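Asker: Here it is, the structure, as structure tokens.
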Amino acid sequence: MPKPDSEAGTAFIQTQQLHAAMADTFLEHMCRLDIDSAPITARNTGIICTIGPASRSVEMLKEMIKSGMNVARLNFSHGTHEYHAETIKNVRAATESFASDPILYRPVAVALDTKGPEIRTGLIKGSGTAEVELKKGATLKITLDNAYMEKCDENILWLDYKNICKVVEVGSKIYVDDGLISLQVKEKGADYLVTEVENGGSLGSKKGVNLPGAAVDLPAVSEKDIQDLKFGVEQDVDMVFASFIRKAADVHEVRKVLGEKGKNIKIISKIENHEGVRRFDEILEASDGIMVARGDLGIEIPAEKVFLAQKMMIGRCNRAGKPVICATQMLESMIKKPRPTRAEGSDVANAVLDGADCIMLSGETAKGDYPLEAVRMQHLIAREAEAAVFHRLLFEELARASSQSTDPLEAMAMGSVEASYKCLAAALIVLTESGRSAHQVARYRPRAPIIAVTRNPQTARQAHLYRGIFPVLCKDAVLDAWAEDVDLRVNLAMNVGKARGFFKKGDVVIVLTGWRPGSGFTNTMRVVPVP
């Protein structure tokens, strides 16, 4: 039964799907899930929106922030630096328009998505808009001869990857335009391949090419990427989504380009091919987080295996305590329709159940007809899915996975999450400078939201990458007396939590603080009733 309005602020955090959360077995947990369980106020999963023509005005961005956008993604495969600079300016203007109210202010992060080392076809008949029809069974010659760079047609196709003849074999497959067109290699020469069209269709200019299974030796960071990354450092972006990462060395190269000035930018590696999946552990070790980029991945590995790769990557990221983003086609049909398909709803929910920290929208918000509806839909689905996570089992397993650690901060984080379960805390309040304390708490996946109070704007923005962290930016001057300064920040978190309906007077919250100034000393845990 719905609660009367007078109790609208009631903390549903502890009670949503509580019966299921306390089950002894996973089967019993599934049996107890209840569609009438009232949803919580807080959503713990981050929502990343790609900003494009449909969403780059300040007014639209304001509405998207209100609807739940946490991170704005700029896709550098398209657009000039001037175009992106204006988008970044608009995102910041939209974010700052809420700054007058510190309680409702939400820091929004900016992410730069690199184009990465791609292989592309040439121009069809010298025009960017011309198309030719490739018929099934027809013969198509692939050439490296630059004379054909702008003269491709249905008989001959130029590619910009010089080593293609070395890395593909007779019998190999070549996919063009997101896998819509497939070719099989019949014969190879020094600078050409003869292929047969297996799946035809109309082919436009400058389309992407995939070579599944081939050991492509393109540089990890292209010349364009270097310029884009330097632009990102100048624009003070918060994170980089690095495309087509195949090995740890690729991540180090991105890090090198970002340099000293960009050393605090988080690098999220996009796994988009077989080699990236195979060498996942070394990539994870070198990265700040991972994106499961299902688009290209679904061409490079068989479509029916993508879900295996998704579960494996999310599992390993959860075990390592690093953020993971699930992306591509999450609500694809909402580009043209106001409601998602049932399959898409399940896909978003299952990404959350798998353990994704963030879920991403691409075309839905960049060029779709219903950008706001797509953000709201992801918000609603994620909120329901989070409550259906079997937290009891998950916490036990995460605690067991890190039982070897002797890091005091990790012990504090684990203890605070365990305490939050035991006393049904409505939230965990963490005071953090670098963000590390909050990240460690998030690692153990508490049911309750983590309100992370920081004075560092970048720490606040980057916190959205981690599930369950609600960053609160404290703009008050530091008080001389440390204890008073701690109280100031804890009270700010209490006010934010009450205003957002996370908890009400009399609820219990867990407070994690340091006992002296500086980063790296979070070592005091208190269980505090909300005043």
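Glycine is no exception: its Cβ is also placed from the backbone N, Cα and C atoms.
Note that this is a predicted model, so its numbers are computed, not measured.
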Asker: For the set S67, S100, S269, S362, say which residue Swiss-Prot annotates with phosphoserine.
Answerer: S100
Asker: Just to confirm what the record says: which one of S6, S97, S333, S403 has phosphoserine annotated in Swiss-Prot?
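Answerer: S97, according to Swiss-Prot.
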Asker: Which one of K173, K186, K188, K207 goes with N75, F76, S77, H78, R120 at the ATP site, as Swiss-Prot has it?
Answerer: K207
Asker: Name the residue, out of N70, N146, N155, N163, that Swiss-Prot lists for the same L-serine site as R106, H464, please.
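Answerer: Site partner of R106, H464 for L-serine, according to Swiss-Prot: N70.
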Asker: Most Cβ neighbours within 10 Å: which of the recorded positions K166, K270, R516 is it?
Answerer: K270
Asker: Which site among T41, N75, T432 has the most other CB atoms no more than 10 Å from its CB, taking these as recorded positions?
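Answerer: Answer returned by the neighbour count: T432.
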Asker: What mean pLDDT score does the region 'Intersubunit contact' (389-433) have in the model?
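Answerer: That region's mean pLDDT is 87.
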Asker: Near F76 (ATP binding site) in space, meaning Cα within 10 angstroms, which of the recorded positions do we find among D113, T114, K115, K166, K270, R436?
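Answerer: Hits: D113, T114, K115.
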Asker: If we check Cα distances from R106 (L-serine binding site), which of the recorded positions Y148, K266, E272, K498 wins as closest?
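Answerer: Nearest in space to R106 (L-serine binding site), counting only the recorded positions, is K498.
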